[in-house]
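A short worksheet on the structure shown next.
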Amino acid sequence: MAGKKVLLVYAHQEPKSFNGSMKQVAVEELSKQGCTVTVSDLYTMNFEPRATRNDVTGALSNPEVFKYGIEAYEAYKKKALTSDILEEQRKVQEADLVIFQFPLYWFSVPAILKGWMDRVLCQGFAFDVPGFYDSGFLKDKLALLSFTTGGTAEMYTKAGVNGDFRYFLWPLQHGTLHFCGFKVLAPQISFGPEVSSEEQRKVMLASWVQRLKSIWKEEPIHCTPSWYFQG
C-alpha cells in the first residue's frame, strides 16, 4: 500500500539462499505497492548480538553491579545507547510493518536475530512496566515471522515428531512481539525448502508474493493461549 513503511529484518548468511529469495521477492512486491522498504541485513551489517555494558555510552547508573536491563533502560531515557541500537530503534519506530525473515534454529531464531531482539527491543523503547502486551509501546505496528524449516510440514503437526508449530511460536510471537505491543500477523512458514523440488520452492515464493499483495487487509491473530495450544 502506497505510503506504508516496512522494515525487513533479515538473518541469513547467504544471499543466494531460499531465505535470501524470500527477502528479495518481498522487497520487490512491497516496493511495487509503493511501500518504502528498509532491510536490516544483520550478517552483512555484522550486527553485534551480545548484550553487554558496551551498549551504554555514558556512565552506568550502578558501576558496582551491572544489570543489563536496568542500564539499557536508563541509557535509553538519556539517549545514551550505542548508535547501532539507536539506528535499529529508529527503523522500528518509522515502520508500519516489521517482517522477520530467518531460518528456524532449534525452534527459535538465529543468535544474531535473538541479539537484535535483546538489544533493540529494550524497556523504555518497546515496553515499560506497566506498558506491555496490549499496552506495549509498539501497539500501532504489525509484525510477521517469515521463516524456513529443515523438516517437512508433516513434522510440525500435533501428530508429527516436532509437535504443532504453534507451540514454539508462543515465546516468539507472544512473549516477545505481542509483549512489546505488536499486532502479530499469522506466520509465513516455508517448510523444508532444502528437501523440496525446484518447482515446490517456486510455489512457496509465489505464495509469499501473493500473500503480500493483500497483507494490509489481514487481521492479526488472537495472541492468547488458545491460538497456540488449542484447536
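For all residues, glycine too, the Cβ spot is worked out from N, Cα and C.
Secondary structure at His12 (FAD binding site), as computed by DSSP, is coil. Sequence annotations record features per position, and here Swiss-Prot assigns FAD binding site to His12, 18-21, 104-107, 148-151, Tyr156, Glu194, Arg201 based on similarity to another entry.
In this structure, Asp128 (substrate binding site) belongs to neither helix nor strand by DSSP; it is coil. Among the features that Swiss-Prot reports, substrate binding site is placed at Phe127, Asp128, Val129, with the record citing similarity to another entry.
In this structure, Cys223 (Zn(2+) binding site) belongs to neither helix nor strand by DSSP; it is coil. Feature annotation from Swiss-Prot assigns Zn(2+) binding site to His174, His178, Cys223; the stated evidence is similarity to another entry.
The annotation phosphoserine is assigned in Swiss-Prot to Ser197. Just so you know, the Cβ of Ser197 (phosphoserine) picks up 9 other Cβ atoms within 10 Å once every protein chain is counted. For the recorded site, Ser197 (phosphoserine), the DSSP three-state label reads coil.
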When neighbour density is defined as the number of other C-beta atoms within 10 angstroms of a residue's C-beta, which of the binding-site residues Tyr105, Phe127 has the lowest density?
Tyr105
Taking the centroid of the Cβ atoms of Phe127, Asp128, Val129 as the substrate site, which other residues of that chain lie with their Cβ within 8 Å of it, listed in sequence order?
Gln123, Gly124, Pro130, Gly131, Phe132, Gly136, Phe137
Rounded to a whole number, how many Å is the Cα of His174 (Zn(2+) binding site) away from the Cα of Phe127 (substrate binding site)?
14
Taking the mean position of the Cβ atoms of His174, His178, Cys223 as the Zn(2+) site, which residues outside that list, in the same chain, have a Cβ no more than 8 Å away, listed in sequence order?
Tyr133, Trp170, Gln173, Gly175, Leu177, Phe179, Val184, Thr224
